[in-house]
Amino acid sequence: FFCWVSGVWKHSKSEGHDDFGLLVSEPARKYAIVKELDAPVNLKEGTVVLQFETRLQNGLECGGAYIKYLQPQESGWKPKGFDNESPYSIMFGPDKCGATNKVHFIFRHKNPNTGKYVEHHLKFPPSVPSDKLSHVYTAILKDDNEVRILIDGEEKKKGNFLSSEDFEPSLIPSKTIPDPDDKKPEDWDERAKIPDPEAVKPEDWDEDAPLEIIDEEAEKPEGWLDDEPEEIDDPEATKPEDWDDEEDGLWEAPKIENPKCESAPGCGEWKRPTKRNPAYKGKWSAPYIDNPAYKGIWKPQEIPNPEYFELEKPDFEPIAAIGIEIWTMQDGILFDNVLIAKDDKIAESYRETTWKPKFNIEKEKQKAEEEAAAESDGIAGYQKKAFDLLYKIADIPFLSGQKDKIIEIIEKGEKQPNLTIGIIASVVIVFLTILFRLIFGGKKP
């Protein structure tokens, strides 16, 4: 193993298990670690299965948890210099940040004509599970060019390496491309319609006519209250006792809607409404006609694509090492049980014997925590209802003499919810004591 860092890897237990994994221990760091294989894995023949487990113990808001399956070192990388530029054959695994939420599957393929490597991304990949449980990611590369992506053993995506509908860009380039040297002629007219050059503005076309005019035929509704204002001073408002005219200015009562206007069609000065001007035509412009010089939308001519090639199956580079090279804002990401196999039954067996028991334990624990949280929320809801009821009791008229003390008791209870039962009992005792006193009388105050 070789580790390059700003973040520190740890060999750590998964939460709630005795099983160890490779742990991202600090947030907001870059991490890199690589393991060379004893012998390169050939991807060109037969089935190859790539599988590993991750657990996002603190969730994943922004960062990657994927694995890079690296090409042999002859391609231009060294273990001590392993970084994001180190050439890989396949990159696979979860990545989430902002609008990105996907389980990547990317393969690099060498164009036989140009010698350049191109990254081909699986279109519409599955999204990353949003919980904090262990999940197992599986990519099955079949000999018939099919690739299947599984999460926790369930197929989430299937594609074909040669299909342009499944990978972007397509592995097989298009046969032709637009000629980069072809230029649009200067006299090429792309306008399908043009203003009629022979059209003339009609003599009666008034461009200055307003959009709306006053409706001279409108009549004031019967019952309109001309002398009543729409708003009046609030008759119930009183000047505050601490109002100082010299410091605060002349006090004015706040305005309210005039109640007399509610039953009338309107109040105040009546004005004729406006209506659309039948003479309005707006700015004149010539009508459009078919362009006699129209030649269509110009496109450069197609020429043979120098990058075009044909093949029956991808010419994959072998996998010589496994590397994790990520940047993440979260700690607590745990990698475990990285597997490369030639049989998907082997991968299935590992899921059943290594991943599933852990997952079931974590799921049961999560369920218990959710039930406890729901119970806590239920208690909190009960407490809120109880305090709401106590406030209503404090407003009962015959308790007005004790209202301040009751409110003080309730407020103390809200700050210490564990005292809810005692607070309820205290208020009920006060309530019953005063009620009995009212009914049966008493000498003591």
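A Cβ is built for glycine as well, from the same backbone N, Cα and C atoms used for every other residue.
TrEMBL entries are annotated by machine, without manual review.
What TrEMBL says about this one:
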COMPBIAS  178-203  compositional bias 'Basic and acidic residues'
COMPBIAS  204-235  compositional bias 'Acidic residues'
DISULFID  Cys62-Cys97  disulfide bond
REGION    160-246  region 'Disordered'
TRANSMEM  419-440  transmembrane segment
**Request:** Could you give the residue numbers and ranges of same-chain residues that sit at least 6 residues beyond the compositional bias 'Acidic residues' (204-235) on either side and whose C-beta is under 8 angstroms from one of its C-beta atoms?
**Result:** 252-258, 260-261, 264-270, 272-277, 279-284
**Item:** Beyond the flanks of the compositional bias 'Basic and acidic residues' (178-203) by at least 6 residues, Cβ under 8 Å
**Value:** 284-291, 293-303
**Message:** DSSP on the compositional bias 'Acidic residues' (204-235): how many residues come out helix, how many strand, how many coil?
**Reply:** 0 helix, 7 strand, 25 coil
**Request:** Tally the residues of the compositional bias 'Basic and acidic residues' (178-203) by DSSP class, grouping H, G and I as helix, E and B as strand, and everything else as coil.
**Result:** 0 helix, 4 strand, 22 coil
